[in-house]
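Have a look at the structure below, then the notes.
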Protein chains: 2
Amino acid sequence: MVEKYDTVVIGAGPAGTAAASSLKAQGQKVAIVEEDLWGGTCPNRGCDPKKILYAAVEAKEKADLLAGQGLNTQNSINWADLMANKRDYTKQISPGTHDSLANNGIETINGHAHFVDPHTLKVGQQTIEAQNVIIATGLRPRILDIKGKEFLQTSTDFLDLDEMPESITILGGGYVAFELAGIASSAGAKVTLIHHNNRPLKAFPENLVQTLCDQLSKNGVETVLDKEITEVQEDNASYRVIGNDFDKKTDKVFAAVGRIANVDQLGLDQIGVDYSSKGVKVNEHLQSDVSHIYAVGDSAASPVLKLTPVAGYEANYVVGQILGDHAEIEYPYIPTIIFSLPKLAQVGVTVNRAQEDTERYEVKTVPMEDWITYKRQHEKQPLVQLVIDQKNDQVVGAACLSMEADEMINYLTLLIKHGYSAEDVSQTPFAYPTIASDIQYLY
Amino acid sequence: MVEKYDTVVIGAGPAGTAAASSLKAQGQKVAIVEEDLWGGTCPNRGCDPKKILYAAVEAKEKADLLAGQGLNTQNSINWADLMANKRDYTKQISPGTHDSLANNGIETINGHAHFVDPHTLKVGQQTIEAQNVIIATGLRPRILDIKGKEFLQTSTDFLDLDEMPESITILGGGYVAFELAGIASSAGAKVTLIHHNNRPLKAFPENLVQTLCDQLSKNGVETVLDKEITEVQEDNASYRVIGNDFDKKTDKVFAAVGRIANVDQLGLDQIGVDYSSKGVKVNEHLQSDVSHIYAVGDSAASPVLKLTPVAGYEANYVVGQILGDHAEIEYPYIPTIIFSLPKLAQVGVTVNRAQEDTERYEVKTVPMEDWITYKRQHEKQPLVQLVIDQKNDQVVGAACLSMEADEMINYLTLLIKHGYSAEDVSQTPFAYPTIASDIQYLY
């Protein structure tokens, strides 16, 4: 018997589970299909486990900054304990997510879904029909196509490492590469980060990235730029990473060279839905080429960053569309944060964009080391940049490099969103002295 | 010769310096009088030095929470280093503040000001005349009038202690008492906190205060309630704190039993300006009984909490009044934060107020230990309370107890101020996962 649903969601990550739960709560008959871990990348092998590992990094580095400044301190990361701790958290995610969906009356189906026709999917032997389909299948790490690629590990492996080796090499220059480098170096590994061109983290302001590399280097991270790696060789229990004029021995090699959408095995070709490695092509309603098939989150080629909060936002938007709304999607300001050493974050109009249009935008760079928050914790070179639209003197973008950049960028997101002026900021009595109350020095 | 000014400001703390600088920037001829340290309480012996000492507390306690959870950790506060560090900061405040005012063209006068008539002040031998006067003279610690009061020290002494003694006793149950208790216990002292009734921190929710006392007790702070202390005796190099059925030996005794306004020596009686220990009586324009004499910040008996951000807000308001505005003052939501172990904060309609009007307000108490932020740092019993106005289902107040309560309360201040709904919060993509992104679990 073919079971019929109002909506079938493919992929049970943050986007898929949010959409399925909302539609169910609105009275729809909903099924959700997952072929891997319920809960998806973010809680199983992404943001959450990374942030659990990073908790020890943060505590250690903040204590270390105060050595000789009021703290007698001796800290080292105990990787085995930290990993046990992380696993305690992640082990309950998949069953917990599954049970929560099932308990809410959503049909949960394990397996790989593919389209038979635009309204029909097969999952193993099971055939299901849907009035609407939401594709929320996420991304997977891209494999670098070089000789010895079978020796490369990914961020998924890193976040589940039994032991932190003495030395690791990370190929890549994106946010994952910089986050792994921060965690590994704080945990005591000698880290080499190799990027194929001279502009890692290219979406971020060049001077902040340069300062981040300098800071990481003091923590034992060597950054090698403009270096194409062509081969990885096994060498006893370790590896050799080889490129032109380059040959380095290392205990483990991780590739963090981007991610590709899990949409190539869904049978989209035969139903006329266009897609690429960036995801399903969608319009301003997040509809694919077939109007009742939507894509959300990491697997949609929407013109925004692939982040968990975006996944939730898009899921919520598509729920509205399915239930009868017709407005085009409009994205809010979305902050991004790299949990490296220190943290690097930005929101709104980027410094890079501003530098392309200096008639319109002014960039203001402010060192923060004399601000009470950073002075008290003896942070080195905390920096913030504002992008000011000279048409109306409004702050429309910001970037920040510091151990407090996560919360700083959240405040700036709210202030930019609400169009705060310098006067408004000075008239907003935040608790003093805090990261938020510092912001008055900025405007 | 009698020098004439548009405005004379008495007191060069955060309120006075802000007012003086703004009026000068607007073209006024301004003098400012200070008889003690330029910069006032907050940067010299209040918020800033406290927060510098608290930096080591925060780093130590956060590392300790991760002991056995991923961090091999051994930290102790080095009081001498920490104090040197604090003094490095505070020593430049008074001369720096003075020079900054003088360099801005503000006349700076050292000494005690008192009124000769409503427009004339004497400072030592100097006589000055002013069209407007702003009183911004702050508060001083109240002295407990008991036998042996000469042995009592104050928060000012605590914040400049050369050594942390083995045991200290703190008399009082306000925010200063709880902040000193947190710092001293983290620095290794055995702390006894004695309060004369059974409801310390009575402006805060009773269950959060109870949980704070429980947490402090695990850190070596004994809280003694309902105990009136009647005498302090010297006993060799230490002291005995004596009350009914109570006699305790201790190395140092600090009284943190409230603060009184520095307005009793200004000659206000002879010019017809009413005042009390709470400050100068002011109307809704922050005018005293004599309309061109204003009071701002801690020395104004305005109906709000005496906090640094309030001082700045009131100073800014009075500048507007002097320059010709006429609107009554309206206060924004003002968060308060106690930097104890952990931090306790609140904003907006209080839980206490809500409990008096259960027809209108609902109080929602949410334990946060399963939220990613608190789980990852292994915090014990983090709690948040929301006050919901049932007339429109809006969150109008909040209280929070956790090591992240400072930033949490700042976010809640902004969300309450802008009238966010649960839907709005879920549609605001904060960086994930952060203290701010957690807030979606709350609404």
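Using the three backbone atoms N, Cα and C, a Cβ is placed for every residue, glycine included.
Unlike curated records, TrEMBL annotations are generated automatically.
The domain 'FAD/NAD(P)-binding' annotation in TrEMBL covers B:5-314. The disulfide bond annotation in TrEMBL covers B:Cys42-B:Cys47. The FAD binding site annotation in TrEMBL covers B:Lys51, B:Asp298. What TrEMBL records for B:Gly172, B:Gly173, B:Gly174, B:Tyr175, B:Val176, B:Ala177, B:Phe178, B:Glu179, B:Gly258 is NAD(+) binding site. Marked as domain 'Pyridine nucleotide-disulphide oxidoreductase dimerisation' by TrEMBL: B:334-440.
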Pairwise Cα distance maximum in Å, NAD(+)-binding residues per record: B:Gly172, B:Gly173, B:Gly174, B:Tyr175, B:Val176, B:Ala177, B:Phe178, B:Glu179, B:Gly258: 13
B:Gly172, B:Gly174, B:Val176, B:Phe178, B:Gly258, B:Asp298: the binding-site residues whose Cβ falls under 8 Å from a chain A Cβ: none
Fewest-neighbour residue among binding-site residues, criterion Cβ within 10 Å, set B:Gly172, B:Gly174: B:Gly174
Secondary structure composition of the domain 'Pyridine nucleotide-disulphide oxidoreductase dimerisation' (B:334-440) [DSSP: H/G/I, E/B, coil]: 33 helix, 32 strand, 42 coil
Distance [Cα-Cα, Å, rounded] between B:Cys42 (disulfide bond) and B:Asp298 (FAD binding site): 11
Alpha-carbon spacing, B:Asp298 (FAD binding site) to B:Gly258 (NAD(+) binding site), which is rounded to whole Å: 12
Distance [Cα-Cα, Å, rounded] between B:Val176 (NAD(+) binding site) and B:Cys47 (disulfide bond): 10
Nonlocal neighbours by CB distance (under 8 Å) for B:Cys47 (disulfide bond), same chain, sequence gap 6 or more: B:Thr308
Alpha-carbon distance [B:Lys51 (FAD binding site); B:Gly258 (NAD(+) binding site)] in Å: 20
Neighbours of B:Gly172, B:Gly173, B:Gly174, B:Tyr175, B:Val176, B:Ala177, B:Phe178, B:Glu179, B:Gly258 excl. site residues, C-beta within 8 Å of centre, NAD(+): B:Ile170, B:Leu180, B:Pro200, B:Leu201, B:Ala256
Other C-beta atoms that fall within 10 angstroms of the C-beta of B:Asp298 (FAD binding site): 33
Nonlocal residues around B:Lys51 (FAD binding site), in sequence order (Cβ under 8 Å, 6 or more apart): B:Phe339
PLDDT averaged over every residue in the domain 'FAD/NAD(P)-binding' (B:5-314): 97
